[in-house]
Amino acid sequence: MTTLHAARSTGSRSGRPPHGSPGGPAAWLRDLAMGARFAVTGGREGWFRTALSAIGVGIGVAVLLLACSAPTVLDAWHGREKARENLGQMHEPRASDRTVRYAQADTTFHGEPVRGRLVRPDGAHPPVPPGIAHLPGPGEMVVSPALRALLAAPDSAPLRARLDYKVVGTIGDSGLLGPQELTFVAWLDDRSAGEAYRISRFGKIFDPQPPSARLVLLTVLACVVLLMPVVVFIGTAVRFGGDRREARLAALRLVGADIPTTRRIAAGEAVVGAALGLAAGLLIFLAGRQAVGAVTLWGVNVFPADVVPSPGLAALVAVLVPAASVLVTLFAQRAVTAEPLGVVRNRPVRRRRLGWRLALPLTGLALLLSSAWAPQAPDGWFPVVRLALGAALLLLGVTALLPWLVEAVVARLRGGPVAWQLTVRRLQLDSGAAHRAVSGITVAVAGALALHMVFTTYQAGYAQAYEESASRPVIQLSGSTASWGQARDALTTLRRTSGVTWAHGTVRAPAGREGDRGTRDADGYRSVQTAMVTVGDCAELRRKARIGSCRDGDVFVAKDRGGRATDPAFVRPGVRLNLNPPEGYEETGPPRPWTVPDTARRVQTVRHPGEDLPGDVLATPGALPTGRLQAPTTELLVGYDKARESDAVERIRTVAFRVNPGLRELSAVDNPHDRQYDGLRTALFLGSVIVLLLIGAGLIVSTVEQLRERRRLLSVLDAFGTRRATMGWSLLWQTAIPVALGLALAVTAGLGLGAVLLTLSGAEVHLDGAVIAGVAGSAGGVVLLVTLLSLPPLWRMMRPDGLRTE
Amino acid sequence: MTPDGSILAGEGLHKTYGRTTALDGADFSVHPGEVVAVMGPSGSGKSTLLHCLAGIVRPDSGSVRYDGRELTTLPDAERSALRRTDFGFVFQFGQLVPELTCLENVALPLRLNGTKRKIAEATAREWLARLEADDIHGKRPGEISGGQGQRVAVARALAGRPRVLFADEPTGALDSLNGERVLTLLTDAARDTSAAVVLVTHEPRVAAYSDREITVRDGRVRESLAGL
Amino acid sequence: MSIGHTLLGLLESGPRHGYDLKRAFDEHFGQDRPLHYGQVYSTMSRLLKNGLVEVDGIEAGAGPERKRYAITDAGVTDVAQWLRRPEKPEPYLHSTLYTKVVLALMTGRDAAELLDTQRAEHLRLMRGLTERKRQGDLADQLICDHALFHLEADLRWLELTAARLDKLARAVRG
């Protein structure tokens, strides 16, 4: 009624028949404006429909904006990482007023990685990394806000003991990758002197490695898989409440609008919906961005301010979303003719063809498989495009296949109780509205499942790796050491530590042949053949080789290949070695000769899997004082028993850090991926549920509209004495059948796509039944919800009011 | 107007919708096999009277007795069940389920009653034949003419062998030839099965197919005694 | 249509001179055919003879007769019966029916009931014709249909009149 009135009033204003006149630009604008007005007028229900569309489109737009921000985020992230780091300069600068000695002191606390850096300025004007006002002095450190908070936490006692520095400052945002990053910069003392290298500035300079082709492919695929559902969902959201609009267009035709005019009006309405959607999307994006700081994914945590859509891409979204919504609307109109006396769907006559619908996903699958079978993909755009296109086609194919599937399955359904019959017949006559709403579910769920499957499998890989390392309750630490004495003290302390069952360790260093000057390569790097010298007391050496009797002052030589030496003649009793082999870019100073005693016995070495090599020469400290070694390193192995001390791992780390902050932990005793994975799973699940709920809302709208259209029929059925339950069941089936079919298709396609992706990355296929069940369960829940919420209107429409003839 | 021997009788029926009084103390009765026309101008309350008598609407006051049972105090579910088993309905338009074939539409009330599909559809076939509409079994309501649609509706109303058939302007949307044919078939079939027919109409020519007519005016029934 | 019943009905509201009667008749029912004074006189004589009216008084003086008539109880009963009796449905029944309705309204009787009674009579006839049509051959059907259409038109008029009774009552009494 409003529509008719609106149309008439427009007509009277222009003083001539409102429509059917040849469309100049003015007519175009007028029609678009009228459509726009329809989008925002139309009472409470009209608003509800428009709002629903806007929210649906808005969620899609927000996701798109987030995706558009990825380049900016990574730029900012990498930029800050580059600015604060220096992995060592090719030619180490000379000590000066403007240099600093620098070392890494990373540690782990309860599975959280903590980035640590140690500094000791050579003079009064050292370089300072971003975010820090002054470098810390002796015994001091500056910390990130997150680390400061962690240190203050009640159960952080082992960490406080470990980072036994005085906190003198906070690292600013410019020195952090994200708000949650745990990092500190502390004074470099003698304990880690061996780890340090000299630098003259901060700011990493290196040629970025081109990402591996495989990684690019997977990234592109993930983008496609993530964004396709968004695109399809936007397409669905634009058409929420479409039946009602079509009826309105029919009313416009009655007052004389021609078909192009109705199309323009529909386009105007769609544009407004899309524009509201863009606005909603921006709001959702801005709100969601605030939450970004709290999220850590794959060790990536960023500041909300970093999440800025790249302008070009954002503009593209702003243009493409309204354009796409208009296109979707017009495309939908092609199959529908709004005749003056009602909407004619040109559908039931035509059977849907399987051909091209099947061709889409099959082409996609073929593209994906050809990628899998092709020899290792070379760099370049072709494989990337092929994969992206393959995944996109597969997912699009699912959307295209759904209408055919619904039609084909429904056409074969027969019999059943009355409620079932009513539904089946209805779907047979026109399944358009049903699958339109559900196709969004299908693609979203298929995409989510595929992604989820990939992550599940990676997760399974990690889990396996960690299980192996965790099956040996051993922590392996390695780093530079000052002397055997330092290593021995560390072992003594560790053995006294609660929860530690045993501890072993030796000191090792390379040794060259006396007089060997080595050769320089084109870069100027000098290399020389070296043997490995291992120093430890008799007990430690006994673990490395079958040495028999041993006293301090003894030396042993490996009978077999115990170390790095490739020439068996190189290391033998009586040979003269150079303990300061001329290796590296710089001059290393005078040679330090040492003679392997003639009395050294040849022994069989013992190798322990997962540990460093035993060594070519094994010497007791009495025979070879470690002070003579050049750049000695130590390797410590610590066994523990969590049953005796639940926090044994943290205690060991603390002890090791206190011995030498520069010691690196080589083992992997806790799996940080578990939590990330759980988070991802939750996110995917939540995303799926939100999409399902939104689509459920769309379904409710279309269901209620359809009920209203059939008000009279419902009253008649009620007069017949039709049970309410019968109609309720019919309503349930009407939602359940398309959703079930859509889900079946989604699960098939999702698992198929996931399997292909996994095959591509050479991983084993792994299924997570719980998630599939979860998604299926929530879809069932949505079906129930839609039905439950549609019941009150159904019962209201079944009242005899509908029987009254007006 | 004696309810003695009547199968359905309403007494002192009152019904208001908001401020409008649809029925203001209406009385009515019909005997088995009798066709009673309910006439009156539009808005007089004819349809409301039918709805009250059929147990679709509960009157504000008054009683409706069907076969010794008081309908007004019967719970909704039992009234629904009664409508399924004992009553049949024909309306002016929009009563066929558009998705179901004509045969399925006719079989629908039987199936609602729990009759097996095969049996229900066999019965439906017979009734369609009886109403001279046996060539449209497989067609959907959208594919047939109004006259055919009304025949399907009548067949559907009669297929369940109702004891009372309620027809609300059953030929309102038909031309006179089709309308008269449908009425002839309807009243013949009803008389054959001794079903009582409550025929709501504002058309004298339709009312002429009844045995007796009553007129509803301003929510009251004026039963003419002339000609008795 | 019965002029006698009409004049009787007019007298129900009170005694009148012959001349007044003619004027009242012409005013309400004489749209196409005004009454001759002679018709009034002869009708009144017949009614006097049948005891349905009596002479209430004669005004002295010359000129035309100045008799004043009043209705008797028998006359009132006669009017009532006439009004209540449905007319045999026939062409151009309106004027009679119209007269009856107006008289009923003028005399405070239930005009709606009158109309309903007439409707019932019409329907009775239609029912009969319908029945004949159902059993008869094509010729019968066509003849019956012709009659049915006329009756239907009458009935429509009855319906319309019934719907406008209030308005008519105001006009008549007004």
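Don't overthink the numbers, they just go from 1 along the chain as shown.
Cβ coordinates are placed from backbone N, Cα and C, and glycine is handled just like the others.
Sequence annotations record features per position, and here TrEMBL assigns compositional bias 'Low complexity' to A:1-18.
Confidence annotation: the domain 'ABC3 transporter permease C-terminal' (A:224-327) carries a mean pLDDT of 78 in the model. The domain 'ABC3 transporter permease C-terminal' annotation in TrEMBL covers A:224-327 (among others).
Residues or ranges marked as domain 'ABC3 transporter permease C-terminal' by TrEMBL: A:687-799 (among others).
Summarising the annotation, TrEMBL assigns region 'Disordered' to A:1-26 (among others).
If you look at the region 'Disordered' (A:573-597), the same-chain residues 6 or more away from its ends with a CB under 8 A from one of its CBs are 90-92, 509-518, 523-528, 530-531, 533, 555, 557, 617, 623-624, 628-630. Summarising the annotation, TrEMBL assigns region 'Disordered' to A:573-597 (among others).
The annotation transmembrane segment is assigned in TrEMBL to A:51-74 (among others).
Annotated transmembrane segment per TrEMBL: A:215-238 (among others), in sequence order.
Distant neighbours of the transmembrane segment (A:270-292): 32, 35-36, 39-40, 50-51, 53-62, 64-66, 234, 237-238, 302-304, 306-307, 309, 317-318, 321-322, 324-326, 328-329; these residues of the same chain sit at least 6 beyond its ends, with a Cβ under 8 Å from one of its Cβ atoms. Taken from TrEMBL, the feature transmembrane segment applies to A:270-292 (among others).
Residues or ranges marked as transmembrane segment by TrEMBL: A:312-333 (among others).
Annotation source TrEMBL lists transmembrane segment at A:354-375 (among others). Remote same-chain partners of the transmembrane segment (A:354-375), defined as residues 6 or more beyond its termini with a Cβ less than 8 Å from a stretch Cβ, comprise 217, 383, 386-387, 389-398, 400-401, 403-404, 408, 749, 752-753, 756-757, 759-760.
Residues or ranges marked as transmembrane segment in TrEMBL: A:387-413 (among others).
The transmembrane segment annotation in TrEMBL covers A:434-455 (among others).
Annotated transmembrane segment per TrEMBL: A:683-704 (among others), in sequence order.
The transmembrane segment feature in TrEMBL is assigned to A:731-758 (among others). Taking Cβ pairs closer than 8 Å, the transmembrane segment (A:731-758) reaches residues 218, 221, 225, 361, 365, 368-369, 372, 391, 394-395, 397-398, 401-402, 405-406, 409-410, 419-420, 423-424, 426-427, 431, 434-435, 437-439, 441-454, 457, 699, 703, 764-767, 772, 775-776, 779-780, 782-784, 786-787, 790-791, 794 in its own chain, all 6 or more past its ends.
Here the transmembrane segment (A:770-791) has long-range neighbours at 441, 445, 448-449, 452, 456, 681, 684-685, 688-689, 692-693, 695-696, 699-700, 703-704, 707, 728, 731-732, 735-736, 739-740, 743, 747, 751, meaning same-chain residues at least 6 beyond its ends whose C-beta is under 8 angstroms from one of its own. What TrEMBL lists as transmembrane segment is A:770-791 (among others).
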> Do you know the DSSP helix, strand and coil residue counts for the region 'Disordered' (A:573-597)?
Replying inline: 0 helix, 7 strand, 18 coil
>> From the DSSP assignment alone, can you count helix, strand and coil residues within the domain 'ABC3 transporter permease C-terminal' (A:687-799)?
In response: 98 helix, 0 strand, 15 coil
